[in-house]
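To start, the structure itself, in C-alpha cells.
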C-alpha cells in the first residue's frame with residue numbers, strides 16, 4: 001500500500017495578504033494612500049509566526065500516527081485514518097486562515113482611521129497656515145500704504161516749500177528788474193533832455209521828424225539807446241528812418257501794447273517793435289538781442305513772434321495786396337519792356353532752414369547741397385512785384401525740394417488765375433515756369449532766332465525787377481540769409497512780416513544801402529512740359545514778332 005504524500009506547507013503570503021479585489025473599502029482613497037505611503041510589512045517567517053510553528057510541530061506527529069496506523073491497521077483502515085487526519089488538518093488550516101483574515105481586517109480599519117485623522121490634522125494645519133499668511137499679507141499691505149502716504153505727504157510738502165522759495169526769488173527778481181528799468185528810464189530821459197536840441201537839428205537837416213514818439217518809462221533800453229542817437233546809426237540798424245519806424249509803431253500800437261501789472265511795468269510799444277525789427281534786420285542771435293535791449297532771451301523771442309503776427313494782421317492788408325486795377329502797372333511795365341499787358345514780375349527764392357524733425361527729405365535742397373558741398377534745407381518764397389519792386393502777391397512755406405512750377409500750382413495766384421481774374425494779363429516768369437495763358441516765359445530751346453533772342457532780352461528786363469526786389473529783401477533783412485532759430489511752423493509769419501516791411505520801405509522810398517545788396521543764387525530748372533497752352537505759344541510768337549519789327553527789341557542780342 002502506497003504511502004500518501006503530505007500536503008505542502010501553506011504559503012505565508014496567502015495567509016497574511018488577500019488579493020486586492022477582495023479587500024474591504026477598495027474604493028476609498030485613504031486605503032490607496034496608506035498602501036503608497038506606509039512601508040510594507042516585513043515578510044512573515046516560520047520562526048516568527050505561531051501559525052507556521054504549530055503547523056511545523058504538527059507535521060511529524062501526523063506522519064508518526066499515519067505510520068503507526070499503517071503498520072497496525074492495514075491498508076483500508078490506514079487509508080481511512082489518513083483521510084480523517086487529512087480532513088482534520090484541512091479544517092484546522094481553514095480555521096487558522098479565517099482567524100488571521102479577521103485580524104488583518106481590524107488592523108486595516110485602525111490604519112485607515114489613523115490616516116483619516118492625520119489627513120484632517122494636515123488640513124487643519126494648512127488652513128491655519130493660510131490664515132497666518134493672509135494676515136501677514138494684510139499687515140504688509142497696510143504698512144506699504146502707510147509708507148506711501150507718508151512719502152507722498154513729504155514730497156508734497158517739499159514741492160510746496162520749493163515753490164514758495166522760487167516765488168520769493170521771482171518776486172525779488174521782478175522788483176530788482178523794475179528798479180533797474182526805472183533807473184535806466186530816468187537816465188535815458190535825462191540824456192534825451194540834454195541832447196534834444198541837437199537831435200532835432202539833425203532830424204531837420206535830414207528832412208525827418210518823429211511825431212509819434214512815445215515815452216520809454218518803464219521799459220528797458222530804448223531804440224536810440226540801443227543803436228545811438230544819430231539818424232544814420234538808426235537807419236543802419238533798423239533799415240529805415242525814424243519817421244517810418246514811428247509810423248509802424250503807431251499802426252501796431254493797439255495790437256502789441258500791454259498793460260502794467262502790480263509786479264512789473266509793461267514793455268512799451270516802441271521797444272517791442274525795435275526788438276523785432278532789429279532781429280529781422282541784423283539776424284543777430286536772440287542771446288545778443290537780449291543783451292542789447294536788456295530783456296530776457298525768451299522775452300525777446302516772444303516779442304519777435306508777437307510783432308511779426310501783428311504786422312501780418314494789421315499792415316499786410318494795407319501794404320501787400322493784389323491791385324484791384326492793374327492798368328497802371330501794365331502801362332509802366334510796357335514802357336519798360338515794350339511787352340503789353342504785364343501785370344507783374346514773378347520770382348521764387350529759397351530761405352535756408354535748420355533740418356526739420358519731420359519730412360526731412362521734402363525740405364532737402366539738392367542743388368544748393370551740390371553747389372555748396374554742404375547739406376542744405378530750405379523753404380520757398382514765391383513773389384510777384386510791381387515796377388517799383390513792391391510785392392503784390394507772395395506764397396511762402398513750401399518745401400525746398402519742390403520745383404518752381406509746383407509751387408506756382410499750389411499758390412493763391414494760380415487759384416486767382418483759374419477763377420479768371422487774370423484774364424488779359426501776363427505774369428512774367430523765368431525758364432523754371434511753364435508757358436500758360438497768363439504766364440509769359442522766355443524761349444528755352446536751342447538755336448534761337450533773332451526774334452526769339454530779342455524777346456528773351458525784353459522778358460529778362462521784366463524779370464530783373466523781381467530779382468532785384470528779392471535781392472533788396474534779403475539784403476535789408478539779414479535773417480533771411482542764414483539759418484534762423486525760428487521754428488518751422490512760425491517761419492511763414494516771420495517771412496511774411498519781412499515782405500510787408502520791405503513794401504513799407506519801398507513805398508515810403510527808404511534809401512537802400514548798396515553795401516547791403518545780396519547776390520541771389522537760385523537755380524532755375526526748366527520743367528518737362530514747357531508749353532501748357534498752344535494759344536499762349538502763338539501769343540508769345542506774336543509778341544516777339546512785334547517787338548522786333550517795331551524797333552522795340554534793341555540790339556543787345558547781336
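Residue 1 is the first one shown; counting continues down the chain.
Each residue, glycine too, has its Cβ placed from N, Cα and C.
Curation does not apply to TrEMBL; its annotations are automatic.
Per TrEMBL, these features apply:
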- 1-21: region 'Disordered' (REGION)
- 1-12: compositional bias 'Pro residues' (COMPBIAS)
- 34-145: region 'Disordered' (REGION)
- 45-55: compositional bias 'Low complexity' (COMPBIAS)
- 127-145: compositional bias 'Basic and acidic residues' (COMPBIAS)
- 200-228: region 'Disordered' (REGION)
- 207-228: compositional bias 'Low complexity' (COMPBIAS)
- 347-503: domain 'DDE Tnp4' (DOMAIN)
Report, as numbers and ranges, which residues of the same chain sit near the compositional bias 'Basic and acidic residues' (127-145): CB under 8 Å and 6 or more residues beyond its ends.
none
Across the domain 'DDE Tnp4' (347-503), what does the mean pLDDT come to, as a whole number?
94
With DSSP as the reference, give the number of residues of the compositional bias 'Basic and acidic residues' (127-145) in helix, strand and coil.
19 helix, 0 strand, 0 coil
